[in-house]
Amino acid sequence: MKLSSISITFFFALQLQALSVLLVNSQGTDSCNSILNLNLPFDTSSLHCISVWTRYDFILRYVQTSSNVWSFVLSAPDTNSFLGMGFSSNGQMVGSSAVVGWVSADGTGTVKQYYLGGQRPNLVVPDEGNLTMVENSSSIASQSSRIYMAFQLSTGQPRSRVLYSVGQIGVIPSSPGFALAEHRDKVSTRLNYVTGTTSATSSPHSRLRRSHGILNMLSWGILMLIGAIVGRYFRRWDPLWFYSHLLIQSCAFLLGLSGIIMGFVLEDRLGADVDTHKALGIFILVLGCLQVMAVFARPGKESKVRKYWNWYHQNGGRILIAFAIANVFYGIHLGDEGTAWNASYAVAICILFLVSLVLEFHLWRKN
């Protein structure tokens, strides 16, 4: 009898524990098996459901309400940031239109359409775009630690290239301008509205863009610095240092020239707004050409003007490297490559900088 009482007690304890775990796990989660309990301006009983962005737990529900009206409900964890859903003709952000929503600290929800005219904040225009939103159909609410953004579009068939974005934590648009800050992350997908399947898509020129970035990072941003280190700190191995310096810098220049040409092609194909990045690239190329021309005008060691040539050549190289490093980081930012690229390049630059400091210290001691 005593054993039976213990068993019953243990059984109920397990049930209570399982129930508490279930309640904890269900809070702040959503799935296609969940029932929407939202006060929306349109019917949600027949919505199709699909997980569209696993990394940030984005779940999309949609249905064709009538011949020219589509209903959407996008849900994501509430991180005190905006969430956006864009419709693109080519899978690119620039030139597309997006529905963006957020809930302010006072609980006020806002849903707006934005025209994504470029990557600069002033080119992301609120209350503009080519989406025809059904009047009084949009709403956004926070429930159980999730954000639910609902809206309807008046269209026969929405575009299949769908973009999703999540804003920076704690940064949401505010009146009167409702300027949209840079997103924390984004993804481009292709949605089949019939089968209810989605897949991530890459940029049509992603290979060209990546090659452009890698070539310029390797050439102007790394090899040029290595060549400068060889030219300054290994002069005791004459003439090996000179030919090594010449070979490294020549390879860097040719690779960098190829990378810049790819950049011009990429700009033409994407129509992207990269004026500052382009101007810096042209300036770096001009400095590189001047360095190449200086080699052919290099005076002999006994010449009186040799010290002036050395001053020009060395300082011109330093300016080139400084601008190249800055432009590489800026290019990573424009390409939305994320922290992995930034961290990898920063580590490479730090290693080369530390090597330079050690060699500079030895050179100072020797002199």
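Any Cβ shown, glycine's included, is placed from N, Cα and C.
These figures come from a predicted structure and were not determined experimentally.
Per-residue pLDDT, averaged across the domain 'DOMON' (56-167), gives 93. Here TrEMBL flags 56-167 as domain 'DOMON'.
Per TrEMBL, the feature domain 'Cytochrome b561' maps to 174-367.
The signal peptide feature in TrEMBL is assigned to 1-31.
TrEMBL lists 213-234 (among others) with the feature transmembrane segment.
According to TrEMBL, the transmembrane segment annotation covers 246-266 (among others). Note on the transmembrane segment (246-266): residues 205, 208-209, 211-216, 218-220, 223-224, 226-227, 230-231, 272, 277-278, 281-282, 284-285, 288, 291-292, 295 of its chain, located 6 or more positions outside it, place their CB under 8 angstroms from a CB of the stretch.
Residues annotated as transmembrane segment in TrEMBL: 278-297 (among others). Outside the transmembrane segment (278-297), and at least 6 residues removed from its termini, the chain residues within Cβ reach (under 8 Å) are 216, 220, 246, 249, 253, 256-257, 260, 263, 267, 309, 312-313, 316-317, 319-320, 323-324, 326-327, 330.
For the transmembrane segment (317-333), same-chain residues at least 6 beyond its ends with a Cβ under 8 Å from one of its own Cβ atoms are 213, 216-217, 220-221, 224-225, 228, 231, 276-277, 280-281, 283-284, 287-288, 291, 341-342, 345, 349. Taken from TrEMBL, the feature transmembrane segment applies to 317-333 (among others).
The transmembrane segment feature in TrEMBL is assigned to 345-364 (among others). Long-range contacts of the transmembrane segment (345-364) within the same chain, counting only residues at least 6 positions beyond its ends with a Cβ under 8 Å from a Cβ of the stretch, are 217, 221-222, 225-226, 229, 232-233, 325, 328-329, 332.
Taking H, G and I as helix, E and B as strand and the rest as coil, DSSP gives the domain 'DOMON' (56-167) the counts 4 helix, 65 strand, 43 coil.
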